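Features reported for this protein in Swiss-Prot:
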- 36-189: region 'Peptide methionine sulfoxide reductase A' (REGION)
- C44: active site (ACT_SITE)
- 206-329: domain 'MsrB' (DOMAIN)
- C318: active site, nucleophile (ACT_SITE)
Amino acid sequence: MKILSYLKKFYLFLLIGAIMQANESMGAKLPKTDERVIYLAGGCFWGLEAYMERIYGVIDASSGYANGKTSSTNYEKLHESDHAESVKVIYDPKKISLDKLLRYYFKVIDPVSVNKQGNDVGRQYRTGIYYVNSADKEVIDNALKALQKEVKGKIAIEVEPLKNYVRAEEYHQDYLKKHPGGYCHIDLKKADEVIVDDDKYTKPSDEVLKKKLTKLQYEVTQNKHTEKPFENEYYNKEEEGIYVDITTGEPLFSSADKYDSGCGWPSFSKPINKDVVKYEDDESLNRKRIEVLSRIGKAHLGHVFNDGPKELGGLRYCINSAALRFIPLKDMEKEGYGEFIPYIKKGELKKYIQDKKSH
């Protein structure tokens, strides 16, 4: 019996070792239990890897070759093995969903181009989404259906279970970190254009709003009133953080885009994302203006004018403090706005550098 027990343990050890060796050889190590992995092909992997590493919620990104005909390959043999240059993305699902991660991916690829991205042409530069979790297939399919409605032409993104993955040579790993200014077909700044989910926020009923808001907040957001200049909460606030819709909590503006226009109301050069605000013509007060409203709450925020600083884009979003709630940078994570912290920090650093140059 002892011999039989020993043999069972021995064969189990061999089996586990074989599985680990197989996973290692294909570059598909399983992430930790609280992490997820997806493999994305989008042209030259140098740029896509650097881009993915900039996205909040991504734990690690590395370059490799996916879904070829053979279990081994290298950069010189890709035309023979038919692997796609791909990026292995390990991410934290508590911080970013697969759906949102794919939307960031879609921002930097041409989804209808066949075997070509940027200046790179060939099968190795095809687009593809390769999954190891079968449950991801439905998420991927739904994301592609939504994308198809937005683009002209048939989507050419390959979707398959991962197979024959090989980690790329060390020379290719973190290439743009090793070679700043090296070739990259992707605009890495697009990672800083934060995506704000529209299904994460809802507009309360009018009854709830009347209980939740102060009289001034209600009159401003629901009846398009204007608060007094220089006598409002945020017109001269300089603290780092995010400004959200007082009615829904949807992120609207960043302290990094706030500046002193001298008008007496909070002024911003742009919203945190172009989709979070809507515009309507306003001909009240016998003059033409452009009203700014929140996307989900449809709350009146203020107006936008074209007399802003040219170096900031030339716009002045003149917004009522009563339409906003400010969340300090130190509280953003615990209040569920952690994904916007990198945007705030990068923007504040850029603003600091610009201020130094101007003085």
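The backbone N, Cα and C atoms fix where each Cβ goes, and this holds for glycine too.
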Between C318 (active site, nucleophile) and the residue listed as 'active site': CA-CA distance (Å): 42
Around the Cβ of C44 (active site), how many other Cβ atoms lie within 10 Å? Please give the count over every shown protein chain. 21
Composition by DSSP (helix, strand, coil) of residues within the domain 'MsrB' (206-329): 32 helix, 40 strand, 52 coil
